[in-house]
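Trainee: Have a look at this one.
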Amino acid sequence: MPSTPLSATVEALSEDAAQARHAELSRAIERANQLYYNEDAPELTDAEYDALRQELEAIEARFPALTGTTEASAGVGAKPSEKFAKVRHAVPMLSLGNAFADEDVDEFVARVRRFLNLPAEEAVAFTAEPKIDGLSLSLRYEAGRLVTAATRGDGEVGENVTANALTVDDIPETLSGEGIPEVLEVRGEIYLSHEDFAAINARQEAAGKPLFANPRNAAAGSLRQLDPAITASRPLRFFAYAWGEVSEPFTDTQSAVLERFRGWGLPVNPRTKLCRSAEEMIAHYRAIEAERAGLGYDIDGVVYKVDDLGFQRRLGFVSRAPRWALAHKFAAQEAITELLAIDINVGRTGSLNPLARLKPVTVGGVVVSNATLHNEGYVQGVGADGEPIREGRDIRVGDTVIVVRAGDVIPKVRDVVIEKRPADAVPYVFPDTCPACGSRAVRELNPRTKKLDAIRRCTGGLICPAQGVERLKHFVSRNGLDLEGFGQTYIEVLFEAGLVKQPADLFRLEFEPLKAAIVARREALSAQRRTEGEPAPKKPTKKKGEEEDKAIKNLLASLDARRTIPLNRFLFALGIPQIGESTAKALAKRFPDMPALMAALAAATREQAGRDWLELSALPRIGPGTRDRLFETLDPLPGEAMQDLSLGARLRGRLTPSQREAVLAHYGSEAEADAALERAASQRPGDAYRLFADDGEIGPVATDSLIQFFSEPHNDAAVRALLEEVGTEPLAATTSAAAFAGKTVVFTGSLEKMTRSEAKATAERLGAKVSGSVSAKTDLVVAGPGAGSKLKDAEKHGVKVVSEDDWLAMLAEA
């Protein structure tokens, strides 16, 4: 069965489901950005990351109110690290749109021509240059001298790495030549050659240090060193390809800019070509692809840019990318080798991640000995949608496998050479307990597909050491307990020192052990740097020590200030799957405190619905209402008594023709459908379960997740231990104002005096409902600059429209 197109999947989402999926995608993208840009340790392939981005943008296209409400939606890259001073880019460093097929390039050229409204006889020139797989860097020159070097960061704010950039031979400290603008921001890429990368890893291995996974990670890690001497010891290279702020125009085409750069002493890629058609662009792409292995450095595609800068200005930008540029990505590189073993790593969110141990093989110039196998379903030959992949071929130890490096970053096993499978190879059996903590590992019901998730997860939650640090970071985060001063570093220090293993431990901290852990971490880092031949950090001065003591006391004070917590924040902070902020708030509306909620959940657990009941509820044209009416009585109805029918057949006969069609399509035959209906009849949930599951703001998926979480004894014990240290309080009552209570409000355009999430929260606090679309039921539209189709919809339906200032004035009167 073909997979459902993305557009159809998004079209089927309700507003609440879209908001939940948008939040889920945003979290995944933000984590991927953090790993890629700040930790130089990406987990996703380019294709996997692009798929997340495409789905996020599709949801935002249908629900525009969600645009800009998360970091993933509003920006590119990741927040800059706390290790470096911040630099705000005068002109944001944006990302590029992607092309994966020749047809995408044809469409790009056609789209540019349509936007510019050019006659058929007028040609448009494009530059085509290799896309370097490195770290983006912005160099600010004033009066020809380098004054600041900054990483991309989140696109708006980057990290100040000036001292490190000055050690890179390719980066001139002073530009030379004629016509240099007074202010010139040069954008480019830091990278390592294959030869230099191999030499660095050889030195790492000789020193007993971890090897870098690839040249991109090594280049990024080298540039983002606190000690410039380390950066200077690594032979980093640089290519310039773009610009940010300039004090005055200095040419009128992209190709001329690159020539100027070259003349001023900045290195530019020699394989850049000027093309005048999509055919020429694709031909150059093919030529560079053929040369790729011999270039001596990593590239992952070709970037096309409209050459005429006047055209570039007219084309402008859309979302996070320019309309006038496109990145044409290369297909993955492949090799064949033997699968020696399958190891299981436990991820930071509890996922059991299979890792292939391979007979070493060279893929794209890099020796690969490990590769991802994604998840249990992938190993079994089943996709995320439950449909077969690789024609159903599973992956077994001893198999000959095809390994790919997608995007020149993460190797993965793509397929099995089934003809070479050993006779004694047996299917791999995934563990059903967590190798890190021994808790049950389960596959959850996917709320979108209504099928078992492809990923098996540890249920140990709060006590699993593999998840511990990330769970604790989530617990103290701004949307959790919002513990002031408790950054990621403190959590890592406390966890490694054994002082904090679960949330309750935070509230048992004392001054002396906390200080000792911080001092021990500092001394360990000093010893490590001395071992590596690097200068150790200076010992803190008396004044610095006093400031450190004060900071520790402030941490303890912030903990004491959180010993009474709103129930919704407490629930969200626990990090229970499927319990986001909205669901946590819904639960907090219905229960006064945590003990009351836990008692209700215990009763719900005893009356939980069975699998067939839940599966039936999710079928098209059935739903909870039809299901409940269907099972109101199991006794024969008038007209059924005279027929010698089984219970399942009687129940099937009560369905409408379209409902019967849906049931038969799902179960495959009347016999299977009747058997499932009979099983469902015996699996009906009790009232205690339905109190949660039938609630529109909670639902069966979140209910089952809550039950599963608290059914794990370790989690139940951890929450009870936490409740000995803190108390929960009811959700603050909604403040209703006559102007807003029960009203439906829509925000459109840019809000300049508050974020969209702030505006939404304020409206909801005053008793209003915030919607993503305008209809006849909408009461008020708040329109900022750039408002589009929603204004027309408001006029069509006669809905009142106010400005952001009007809205703020209304709030002041409420």
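A Cβ is built for glycine as well, from the same backbone N, Cα and C atoms used for every other residue.
From Swiss-Prot, for reference:
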type	residues	note
BINDING	ASP46, ALA47, GLU48, TYR49, ASP50, SER95, LEU96, GLU129, ARG152, GLU189, LYS305, LYS329	NAD(+) binding site
ACT_SITE	LYS131	active site, N6-AMP-lysine intermediate
BINDING	CYS434, CYS437, CYS458, CYS464	Zn(2+) binding site
REGION	526-549	region 'Disordered'
DOMAIN	735-814	domain 'BRCT'
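Structural setting of the listed features?
Mentor: In sequence order, VAL303, ALA321, PRO322, ALA325, LEU326, ALA327 are the residues near LEU96 (NAD(+) binding site), counting only same-chain partners six or more apart with C-beta under 8 A.
Taking the Cβ of LYS131 (active site, N6-AMP-lysine intermediate) as reference, residues of its chain lying under 8 Å away and at least six apart in sequence are, in sequence order, ILE299, ASP300, GLY301, VAL302, VAL303, ALA327, HIS328, LYS329. DSSP assigns LYS131 (active site, N6-AMP-lysine intermediate) to a strand.
A 10 Å cutoff on Cβ-Cβ distances gives CYS437 (Zn(2+) binding site) a total of 20 other Cβ atoms nearby, all chains included.
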Trainee: Could you count the residues of the domain 'BRCT' (735-814) that DSSP puts in helix, in strand and in coil?
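Mentor: DSSP composition of the domain 'BRCT' (735-814): 29 helix, 16 strand, 35 coil.
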Trainee: Can you tell which of the binding-site residues CYS434, CYS437, CYS458, CYS464 lies nearest to ASP50 (NAD(+) binding site) in space, using Cα positions?
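Mentor: Checking each of CYS434, CYS437, CYS458, CYS464 against ASP50 (NAD(+) binding site), the shortest Cα distance is to CYS458.
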Trainee: Taking the center of the Cβ atoms of CYS434, CYS437, CYS458, CYS464 at the recorded Zn(2+) site, which other residues in this chain have a Cβ no more than 8 Å from that point?
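Mentor: For the Zn(2+) site the neighbour list reads VAL346, GLY350, PRO435, ALA436, GLY438, SER439, ALA441, THR459, GLY460, GLY461, ILE463, PRO465, ALA466, GLN467.
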Trainee: Tell me, roughly as an integer, the mean pLDDT over the domain 'BRCT' (735-814).
Mentor: 79
Trainee: What is the separation, in Å, between the Cα atoms of CYS464 (Zn(2+) binding site) and ARG152 (NAD(+) binding site)?
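Mentor: Cα-Cα, rounded: 35 Å.
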Trainee: Using only C-alpha positions, which one of CYS434, CYS437, CYS458 is spatially nearest ARG152 (NAD(+) binding site)? These are the binding-site residues in the record.
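Mentor: Going through CYS434, CYS437, CYS458 one by one, the Cα closest to that of ARG152 (NAD(+) binding site) is CYS458.
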Trainee: Name the residues of the same chain, 6+ apart in sequence, whose Cβ is under 8 Å from the Cβ of LYS305 (NAD(+) binding site)?
Mentor: PHE126, THR127, GLU129, GLN254, GLN312, TRP324, ALA325
